[in-house]
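These come from TrEMBL:
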SIGNAL    1-25  signal peptide
DOMAIN    6-136  domain 'EamA'
TRANSMEM  121-137  transmembrane segment
TRANSMEM  143-166  transmembrane segment
DOMAIN    150-277  domain 'EamA'
TRANSMEM  178-197  transmembrane segment
TRANSMEM  203-222  transmembrane segment
TRANSMEM  234-254  transmembrane segment
TRANSMEM  260-277  transmembrane segment
Amino acid sequence: MTSNQKAVLLALCSTALMTATASLAKLAAHDYHVLQILFFRQIVILLSTLPLLVKDFPNALKTSHPGLHSLRLSGAFAALSLGILAVSGLPLTTATTLGFANIFFVSLLAHQFLGERLGPFRLVAIVSGFIGVFIAIKPTPESFLDGFSLIALAAAFGASLAALSVRKLSQTESTTTLLSYQALFIGLLSGIPMIWLWRQPDLTDLILLLGMGCLSAAGNWIGIRALRLGEAGLVKSVDYISLIYAALFGYFIFGEYPDSSTLLGAGIIILAAFAIVQQRPIEKLLFAANRKMRRTDRCYKG
């Protein structure tokens, strides 16, 4: 088995675990505050990161970019907390579909944030993606009044800020530093409100909440392993399978049926997101095909 094939299998496993995490968060949200759910997730994430932090302490917390870390942590906190809130009020498939809007936010912001080129190919893909989002939301007065679709988009925007910050920070910061800051400070941000929001879980709920954290931690680590083994574009393309997982979990656990608008919007979003992720390979293919056509044309003229 090649490294890319192993990476795809790991990515499929990671995506399934993250979708299962969202399903457990949706179950827990019936009885617990979003921040308490996030707090339990962060307890497990912190415990899984602790060996790295202790091994490289205090260097793991040294940084020359505190402002960029603050932006990243703000984005990650918004993405995680608002993501759980969105899942609590939307069908799992719809929430997952709207989560892919972060790819389009990243593409737009990367032009200003990282100086990446924003060519016509990418612009068309971004516009198409947001059209897909618009279709999936099914904009009506009711959908805007309940606010959950907008919350899902706000979570996607937060995720895009975190992703762009990581891209910038990864040029100078170690993986241990990046993981340690998120584990510690997201835990702190969700932990302080527990003074007022804490609700004592019974044994069943405790297993549910800690199980959610374990699935999330495992999904994160397996996802990192997949990215190390395989090509980034190939591994990230597997993320779209989460829609299938979300549809299955939604149907079997919550009795949800994705409607035609969600499916149509999801299809457009996936195509647009795939075009952005695979932009360079597609452009190279089109360039090679164009060169071949020109050579053939010259041969005929000759």
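Cβ atoms here come from the backbone N, Cα and C positions, even for glycine.
The helix, strand and coil residue counts that DSSP assigns across the domain 'EamA' (6-136) are 110 helix, 0 strand, 21 coil. Through the fold, the transmembrane segment (234-254) approaches residues 4, 7-8, 11-12, 15-16, 18-20, 22-23, 26-27, 91-93, 95-97, 100, 226-227, 266, 270, 273-274, 277-278 of its own chain, all at least 6 residues removed from its boundaries and within a Cβ separation under 8 Å.
Under DSSP, residues within the domain 'EamA' (150-277) fall into helix, strand and coil as 109 helix, 0 strand, 19 coil.
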